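Below is one structure, written out as structure tokens; the observations come after it.
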Number of protein chains: 2
Amino acid sequence: MRRIKLTVAYDGTNYAGYQVQPNGNTVQAEIETVLARMHRQPVKIVASGRTDAGVHALGQVIHFDTSLQMPAERFVKALNAMLPDDIHVKQAEEADALFHARYGAKRKEYRYYIRKTEDPFRRHYAATVTYTLNLESMCQAMKLLVGTHDFTSFSVTKAEVEDRVRTIYETEVLEVDDEIIFRFVGSGFLYNQVRIMVGTVIEIGRGKYEPADIAQMLEARDRRMAGITAPPHGLYLWNVNYEKVD
Amino acid sequence: MRRIKLTVAYDGTNYAGYQVQPNGNTVQAEIETVLARMHRQPVKIVASGRTDAGVHALGQVIHFDTSLQMPAERFVKALNAMLPDDIHVKQAEEADALFHARYGAKRKEYRYYIRKTEDPFRRHYAATVTYTLNLESMCQAMKLLVGTHDFTSFSVTKAEVEDRVRTIYETEVLEVDDEIIFRFVGSGFLYNQVRIMVGTVIEIGRGKYEPADIAQMLEARDRRMAGITAPPHGLYLWNVNYEKVD
């Protein structure tokens, strides 16, 4: 058995998310179905993390074990030939037996796209925000999210007790034509964290909160203190990095 | 009664084309339904021309008559509020009573997008062509299409006798990142003409025909002499011009 690492892009529009669920198509199910056909037996895949319904990926990372005798690169063509055309394997590499797509992830980048004007061609790929936004305030707010914080206020409350401390290494606000892009690079993100951070930053851009309020929101450890959850279709899992961070 | 001119963009992916048909949603039906709701009576719209299932528009032009007492610009917001989000009214203007979206069109521009690599996010918006293409040959072929020709070889044969002479004012081949864009500006285009011209130009790029073969294909006035019909999803009605051409 050898371990294969895949880098996968998908348009999340028509999926009920990444992870296999009782009802609804998922990206995981599509890939596992194709691998099972190739292997003539079930093959389990492990991803760096799940993505929600409607959320996209440009660089989701997945691993699986195989006994097939073919060069790793060959999995790219073989899988793409059988996968639906909204899922695309970009790369397949030989991985170390100890490589783990989920536990080995050191750094993840997410990007969130918003548009100032409606565009029928971007309706599934960017969230439209027609309010006037103060870019300077949003940049300030984004900077205040950098660092090691307890992000309880920026995550969906779950029953289980868990460590909600995460590190954000870098944030950035980019403007390209009619769109604004929020970049987040971090050690990992809690469930809905990026969407709540973006929703909050947008509300700061509208003037509902001040940039400095971010500090109190983090302090409060209470979901109700942060802003709204931005819709899923503007969000992209951009890449996952497995190298040690200095 | 006044006449209103609309400029409309739509993502054709989920439509059975522009024109109202017995089965299948169409762009025309969506717009007429919304106008009927606003006017509390049926309203007929006239477009510059139909587009096929899966074909997109960035600047389709439509006219209709209204007795509603509101500034023309107000139709933009009113219509967009009720239209599905894959149809977007970009502009609404007061038009002359003699303005006619179809018969008044002097010049139309179509663009066709092809991609060299698969991209799940572009699957409905560009046709993927993974063959190696000779750009120089394609540019030569595109130039030979310019002029006033009988385009019978580049149109779908219909029973009715009709004039198949059209003028192409300008063609262009653009390369942007991983995509090649074919631009056509002409007096008007026959049914499937742009898709057959693109299919033929791609086959020239692959080396199946020589650029100079375009002359014989035009001469033959026989659909079987030209190349394949390119798929609809790479095609965009880019704009329609009503000013006199010098």
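Each residue, glycine too, has its Cβ placed from N, Cα and C.
Record features (TrEMBL):
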DOMAIN    A:8-103  domain 'Pseudouridine synthase I TruA alpha/beta'
ACT_SITE  A:Asp52  active site, nucleophile
BINDING   A:Tyr110  substrate binding site
DOMAIN    A:141-243  domain 'Pseudouridine synthase I TruA alpha/beta'
Point to revise | Inter-residue Cα distance where the pair is A:Asp52 (active site, nucleophile) and the residue listed as 'substrate binding site', in Å | key: 13
Point to revise | Residue counts (helix, strand, coil, in that order) that DSSP gives for the domain 'Pseudouridine synthase I TruA alpha/beta' (A:141-243) | key: 35 helix, 31 strand, 37 coil
Review point. Can you name the residues of this chain that are 6 or more positions from A:Asp52 (active site, nucleophile) yet have a C-beta less than 8 Å from its C-beta?
Key: A:Gly12, A:Gly17, A:Tyr18, A:Asn192, A:Pro232, A:Leu235
**Study point:** Neighbouring C-beta atoms (10 Å sphere around the C-beta of A:Tyr110 (substrate binding site))
**Key:** 23
Check your understanding: Of the residues in the domain 'Pseudouridine synthase I TruA alpha/beta' (A:8-103), how many are helix, strand and coil by DSSP?
Key -> 25 helix, 25 strand, 46 coil
